[in-house]
Each structure stands twice: as structure tokens, then as C-alpha cells.
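So the structure is just underneath, and the comments pick up after that.
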Amino acid sequence: MLHLQNLTITLGQRLIAQVDTTVHGGEVLTIMGPSGSGKSTLLAAITGTLDPAFAQQGRIILDGQDITALPTEARRIGILFQDDLLFPHLSVGQNLAFGLPKGGNRKERHKTIETALRDVGLQGFANRDPATLSGGQKARVALMRMLLSQPKALLLDEAFSGLDADLREQIRALVFTRARVQNLPVVMVTHDPADAEAAAGPVIHIG
Amino acid sequence: MTLLAWVPRLTLAAMLLPVAAGLWGVFAPLFGFITLNGASAAPMADVLAWPGLPRAAWLSVVTGVGSTLIALGLVILILSQLHGSRALMWLRRALSPLLSVPHASAAFGLAFMIAPSGWIARAVSPWLTGWDRPPDLLILNDPAGIALTLGLAVKEMPFLLLIALAALAQTDAIRSLAVARSLGHSGAGAWLKVVLPRLYGQIRLPVYVVLAYAMTAVDMALILGPTTPSTLSVQILRWMSDPDLTLRLQGAAGAVIQLALVIAALAAWFLAEKLVGKLGLLWITSGTRSPWLPALRPLAIAAAATSAIAVLGGLASLAVWSFAARWQFPDALPEALTTRTLDRFLPQLGAPLAETALIATTTTLIALILCIGCLEAGYRKRKPLEGRVMWLVYLPLLIPQIAFLPGLQVLLISGGLTMGRWVVILSHLVFVIPYIFLSLSDPWQAWNTRHATVAHALGASPTRVLFAIRLPMLLAPILTAAAVGFAVSVGQYLPTLLAGGGRIATLTTEAVALASGGDRRAIGVYGIALTLAALLPFALALALPRILYANRRGTHP
């Protein structure tokens, strides 16, 4: 459960975004608004990457723990951007291994990664160069890399805008299903009403 | 405060402390704060009484300002005429590697081209000139400093051109040009009127660096410059390396005069900028469409080709001389090629080569760690690079080497300290850090920081993100920056000589020392060895990422 308690972001005197809401596990909160309305700024506050020019008030509580002051890497909030942002110098398998927490011997880790790839129809892709993958394949690798890090919540920053219509529906369904299965609260920023419709959760308009 | 937060201060100290100490070392003797046993109590008066001073100072100003004007003029001519053309792309590719050719190699190469018995004279003799022996002309080391001016201009033009091209990529030049041309301005006229005013603001600091350097260059002046008297910088070096230690203070006083000359020239240049800007504005607003300007295009092509050929041909002639058997005037090529010269000099190249590599590797590694530390500290504080940071980076490049290095030596001598390799490395750092920083900061800033956000969100600490994601992804620009730093260190003449107390022999100091001897085969071998020492790391920097990331297409731009 992700609780955004009176989360308020200001730039000087200007109010950028203000939310006070709870996102339950398996639920998708959609945040909509025109570009420049502060949607991504809000997500940056939740991940802990807000530019210091902004001021932030309120608290972020994830599964009962106050994570407002924690650094990004300690928050356990996964994020997907419009670009897949796979690390280009690592193979597909190495990208997943980067997300997988420490523990287990090499063989076990290898197996976990193979299973994750098979789950999204990419068996045998571990040694591939990410640059040789199609858009949909990259999106699936990015999703699995994030899920392997065992996040407690999921943020989607225009995550589907880069994909064409067919693929978009397919990846969107995959992400939402995964989030529901793992009972993750999801916050999605989008400007596409179809995304909000598919999410079938509460919608907040800002800006 | 974490270790990382100290790195920017440490870097600034490494760049500026030696400069500050050196300046103190040249000024302090004037006021009696530093004295050497047996040295004159009034070194400034001695220098002012030296009869060669007016001529030496005049030569410094004329060769420095003249060569900067020529280099900048060529850049403006070439860019205004050839912007967006294939010729310019070709020129860019031809000139990029020349940037790192050490000044000494370029000067020797040019000397081999333009000397009375050089390649140019050979190419047109005897069929055109009728010469069957070298003409009795004083081309090299001419008293007016023309050869030195040309050498400096040819060497600095590629630097300014590539800086300008990099700056142009950040301005909205293409659309501005399209608008101006649609208003009826000729291509070249549009470039001069709407692009140059913005571009110049961005390349002003590099132009100042070139001016300060050109007025005070020592290695090129020793090879190409006038001798009786020489430029002021060469005379200061003579005082500083005289067996008579008491002349050191005279050298320090000369350095003060040199610094004053450079500051005065920079001030005059700054005022001239304002004046040219005012006149330019009159021209821009006069309504003229400058339809005749494109007629200068052949001139631009000729200038570009000449300057490229001067350096490339010079390097080629160094190579040919290293392998030449008998080579009589006016033959264009030697009678045969032989490895005899190489066999003679290779054994004695080993020691200076090892010294050069040791100093350059150490300096580059230290500078690289400091620069990466600075950039990472800035990134973690999310502080964008400000203009004043750039001024600090350029500062050590603006203060002439000959103005502060003598002071460093005076300080060390008066403190009873010995000079040696570690002082050489410290003095090289002053110049290697700025170039590595300038080379690395753009790719560092251009890196998509969302990669870091994603990695953090996956649970990676800042340190892990730096070492596992950012540095590997930036491997190519980091290696290029390292190659730049290495080449800068390899090419340093004055810091090696003065900070090393004349006892540290690198390829550069050995090569320049050959200038007065005139053994062309020896100069050829050392010149080529020096060039290779500076260029090979670039080849490595290009090849390594391709080998390491052979199967990672996304890492290649």
C-alpha cells in the first residue's frame, strides 16, 4: 500500500502538484494532465530524484514505512520510463542480473533470470545485445529487470507512449497483470485516456 | 564531508596552486622578499637595461597577435564560406588528429617544408626556379619572426576550428541561416551576420588562450623563431637555464614583463572586439545582402588545403628524413630508403620514451580521477556547471607558462628543494587537468541520467551506479579524454625543462634540443617518435571500446 500523505511540491511560490491519496496493492492510480503540468515532477518526488530547486512537503509511506527521507536506492520503488533505458554495455541477462538482489550462487541466479525471460516469451535471450531487440522485447526486458529487484510499488512515467498501438495494448496488459499478481500499488502518469481506461482505477487530473 | 566532496577543491588546488606559487616566485624577488646569494638586488633594472628588450618584447607581441589574427581569420573565412559543405567535413576529419601533434613536431615539420632546402623548394627546383643548390635565403629563424608567426597560425588554426565546430553544434545556426538566406542574404554573408556574433561569444576564451600561448611559446620559437634577439620568452628561458644561478632572478623579472605584455595584449584584444562588434553591427543593419561574398569561396578552400598540407606534409617529411639514405638538393625524394638512422637512434630513444610514458601516464591518471570526481560531485549535488567554473578551468591556460614556471623554480631553489620528476608531474597536471575536464564535461553532462534513476530504483547505491553503469557507458569519451591528457603531457616542453631542473629528459625536451644542431635525420626520428607518442593513445582510445564492446551496438554512437 502506497500512501501519499498531503504530498505538495512547490517551485518558489508556485504550486506544482498536490496529492493526498492511498494506492492499494494491485490498484493503478492514474495521474493525467497536459505536458508541463508537473506529473513527472510528482513521480520524481516519489522516487526521490526531485531537483533541489523544488520544495517538497508531506510524507510518502510505503507498506507502513515512512520513506520520505530515504535515498532512491533504499525506497524499493520500481520505475519504467518511456525509453526502455536498458544499459547498453550489458547483455540482456546482465541487465536482469543488475536488478536481481544479492544472494544465491551463480547457477541459481542464472536460473532465476532464465525463468524471468521465459515468463515474457524471451527464453534464450540472456546473451543478446539489447541494441538488437525490438521495441516490444526491450520493454519486456525493462519490466522484468524492474520486477526482479522485488519492488514494493511501481511507477509508470509515460511508460507506453513510445510503443505503437498494438504493442502498447499488449505491454500495458502485461504490466498491469504482473502488478496485480504481485499485489503492487501502481502510480501511472500518462496523457493518453486509453491508458487510464485500461487501468480501471482512480484518476487524478492535475495542472 | 565525504571524500568526494573534497575532490573539486583538490582539483582546483592542483590547477591553481602551482600557478599562484609561481607568480609569487616571480614577483617576490622584485620586492626583495626572495634573494639568492650573489644575485643582483635589482633584477628588474638589469632586465630593463638589457639592450635587446624592446626588440624581444616587440617580437613577442607581433608574432603572438599576428598568428592569432591569422588563425582566427582563417577559421572565420573557412566556416563562413564552407559551412555545411563536404569540404568542411573532410577538413574536420583531416585536422582532428593534428590537434594532438606536439608543437615541437609540427614546428620541425613546417621547418622541413619551408626551409631553403625544404620540400617546397625541392618540389619547384630546378625546373621552375633554376636552383641547383638551396637558395641563400633566411627563411627559418628570420629576424622578423614570419616563420614563427606562420608556424603558430598553422598549429592553432585546427584548435580554433574544432572548438568552433563544437560550439556551432550547440547554437541554432542552421535555422538562423535559413531565415537570413530567405531574407535575401548570401550564404557567407548570412553566416557572418547571424552566426558569427553568437559563435564568437562561445569561443572567446579559447581565442584568449591561443593569444596568450602564441605570445609566449618557447618550443616553437626555439625551432622557427628569430635568434638575435629571440622572442622574450626564449630569452627568459636562457636566463633560467644559465649555469650562473644568479641570473634566475633576472629571468623572474623578465617573466613579470612577459606577463604584463600578455595582459596588455589581451586587454587590447578585448577592446578591439568591442570596436569590431560596433562596426559589424553597422554592417549587419546596413541592409546590404553581400552578394559578392561567396566569390571568396576558392580562397577559403585554398586556405584550408594549405594549412592542412603544411602540417601533414611536414609530418611526412619528418618520416621521410628518418628513413632517407643520400638525399641531395634538389631531389624531391631521397635516392634510397634505409633503416640506418633508425638503427642509430632507436637505442637512445628508449630512456626518454620511458620517461615520457611514465610522466604522461601518471599525470593522466591523476587528472582523470580528479576530473571524474569533480563531475560526479557536481552531479550528486545536482549543480549545473556555471560559467565561472569554466573561467577557472581556463585560467591556467590563460596565464603563460613562461610567466609563472620561472617563479616555481626560484621558489624551489631558494627553499633548497630539488626539482625532479614529481615537480614535473605536478606542473604537467596544471595543463592536463583543464584539457581532460573540457574534453570530458560535455559527454558527462549529455549522459541520460534516467539510467541512474532506473539503476537507483533497482536498489543500486550511487557508487555502484558510477562504477557499474556510468563509467562503463562513458568508456569511449573517458578514453578519449585520457588520450587528450596524455598528448598534452607528452607535448609539454617548458614545464618539463624548468620544473625538472633540466635533468628530466623526455622526447619533447630531447627533440627541441636538436633544433640548433640541424641534423635532419635525428630531428626526423625524434619528431616522428614524439608524434607517435601523442597519437597512438588516440588510436587505442578509438579501438578499445570497439573491442571491449564488440557485441554492444548501443554503446557506439
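From the backbone N, Cα and C atoms, a Cβ is placed for every residue, glycine too.
What TrEMBL says about a protein is an automatic prediction, not a curated fact.
As recorded in TrEMBL:
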- B:12-36: transmembrane segment (TRANSMEM)
- B:53-268: domain 'ABC transmembrane type-1' (DOMAIN)
- B:56-80: transmembrane segment (TRANSMEM)
- B:101-124: transmembrane segment (TRANSMEM)
- B:144-168: transmembrane segment (TRANSMEM)
- B:205-227: transmembrane segment (TRANSMEM)
- B:247-272: transmembrane segment (TRANSMEM)
- B:299-324: transmembrane segment (TRANSMEM)
- B:353-541: domain 'ABC transmembrane type-1' (DOMAIN)
- B:357-379: transmembrane segment (TRANSMEM)
- B:391-413: transmembrane segment (TRANSMEM)
- B:419-440: transmembrane segment (TRANSMEM)
- B:474-494: transmembrane segment (TRANSMEM)
- B:523-544: transmembrane segment (TRANSMEM)
The transmembrane segment (B:247-272) vs the transmembrane segment (B:205-227): 3 or more CB pairs under 8 Å: yes
Within-chain partners of the transmembrane segment (B:56-80) [C-beta distance under 8 Å, separation at least 6 from its ends]: 88, 91, 144-145, 148-153, 156-157, 159-161, 164-165, 168, 188, 191-192, 196, 199, 207, 210-211, 214-216, 221, 225-226, 229-233, 235, 257-258, 261-262, 265, 269, 293, 296, 299-300, 303-304, 307
Intrachain residues whose Cβ lies under 8 Å of the transmembrane segment (B:523-544), provided they are six or more past its termini: 97, 100-102, 104-105, 108-109, 112, 315, 317-322, 324, 341-342, 345-346, 349, 353, 356-357, 360, 475-476, 479-480, 482-483, 486-487, 490-491, 507-508, 510-511, 514-515, 517
The transmembrane segment (B:474-494) vs the transmembrane segment (B:357-379): 3 or more CB pairs under 8 Å: yes
Chain residues in Cβ proximity to the transmembrane segment (B:391-413) (below 8 Å; excluding those fewer than six residues from its ends, i.e. six or more beyond): 12, 15-16, 18-19, 21-29, 34, 36, 205-206, 208-209, 212-213, 215-216, 218, 233, 236-237, 240, 245, 248-249, 251-252, 254-256, 258-259, 262, 266, 419, 423, 427, 430-431, 433-434, 437-438, 494-495, 498-499, 501
Candidate ranges B:205-227, B:357-379, B:419-440 - greatest C-beta contact count to the transmembrane segment (B:12-36) (under 8 angstroms): B:419-440
Leading contact stretch, B:144-168, B:205-227, B:299-324, B:357-379, B:419-440 vs the transmembrane segment (B:101-124) - CB distance under 8 Å: B:299-324
Sequence-remote partners of the transmembrane segment (B:144-168) [C-beta within less than 8 Å, at least six residues beyond its ends]: 59, 62-64, 66-68, 70-72, 74-75, 78-79, 83, 91-92, 95-96, 98-99, 101, 103, 106-107, 110-111, 114, 195, 199, 202-203, 206-207, 210, 213-214, 217, 220-221, 223-226, 231, 307, 310-311, 442
